[in-house]
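Accompanying notes for the structure given below.
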Amino acid sequence: MSRSAGSFLILNGKSADNEILRGSVKLLRDQGHPIEVRVTWEKGDAARYVSEAADQGAQTVIAAGGDGTINEVAAALAGVTQEKRPALGLLPLGTANDFATSAAVPDDIELALKLAIEGRAVPIDIAHVNDKTWFINMATGGFGTRITTETPERLKAALGGVSYLIHGLMRMDALKADRCEIRGENFHWQGDALVIGIGNGRQAGGGQELCPEALINDGLLHLRIFTGEELLPALFTTLTQPEESPNIIDGASPWFEITAPHEITFNLDGEPLSGQHFRIVVEPGALQCRLPPDCPLLK
């Protein structure tokens with residue numbers, strides 16, 4: 001497979017029976033685009049397929065699935081040497097598709113696949129956590145993380161992103177702030193946080209825009225902390241009038257360190273990571289990604 005033409009499509013196994021996708025792949029193949037398809041079955045498959053694609057000189061690796069699939073593919077690409085690293089394409093097929101949605105990737109499968117193959121590749125940032133794992137979109141901690149990690153799969157499948165909100169309302173009795181300390185470049189905060197969002201991208205949890213100013217090619221991570229001792233009033237004000245909420249703290253830095261006196265959990269593009277200390281560092285321009293020319297996440 002030549003670097004000038006070939007694409008590997010790594011498809012989440014949950015979407016393997018998608019007939020529209022099958023037809024779109026055939027159409028683009030008929031138009032002269034070589035496309036290899038690989039279907040994931042278990043954790044680690046995507047990384048193996050990325051390695052295979054790089055060894056074969058693929059031009060693009062397309063992550064076909066939700067935010068978790070994009071995360072796994074992007075993390076694997078970050079581990080490929082730069083001279084062999086294919087570009088990343090996005091084909092949103094998940095429940096919420098937060099990263100692809102905020103990047104203005106088309107919902108239409110054929111259009112998204114065409115963009116993933118033919119679109120202009122631009123350098124984008126990715127974030128490294130504790131020198132062992134990655135996220136391309138967002139790390140969220142606190143109550144919001146518990147909701148997204150605990151939301152039942154059937155509810156997500158039936159209602160999409162709205163399911164996170166509904167499940168959250170059902171779990172209001174579990175609202176509990178996390179005490180922590182957060183440091184960054186020219187930033188320091190300590191207190192009780194209901195939700196922490198550290199964004200390379202802008203939205204998480206099924207469409208909640210936690211870091212509205214974030215860009216994926218500015219070399220920065222954007223931080224938003226939702227605070228408040230009276231949690232229900234704070235949450236209501238934050239959701240209805242965010243520009244007026246005294247319970248929002250914002251920051252931006254190439255890195256952030258979070259420490260807590262007890263174990264807290266961060267959700268990294270859907271993957272939970274627990275601990276008492278997190279160091280999150282942006283890797284500027286680490287990946288090439290095929291995005292729309294009007295992508296709002298690019299400066």
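Keep in mind that glycine also has a Cβ here, set from the backbone N, Cα and C atoms.
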Among Thr95, Thr101, Thr133, Swiss-Prot assigns to the ATP site of Thr40, Gly66, Asp67, Gly68, Thr69, Ile70, Asn71, Glu72 just Thr95
Helix, strand, coil: count each for the residues of the domain 'DAGKc' (2-133), based on DSSP.
-> 56 helix, 34 strand, 42 coil
Neighbouring C-beta atoms (10 Å sphere around the C-beta of Thr40 (ATP binding site)) | 23
Going by C-alpha positions, which of the recorded positions (Leu215, Leu220, Glu271) is nearest Thr95 (ATP binding site)?
-> Glu271
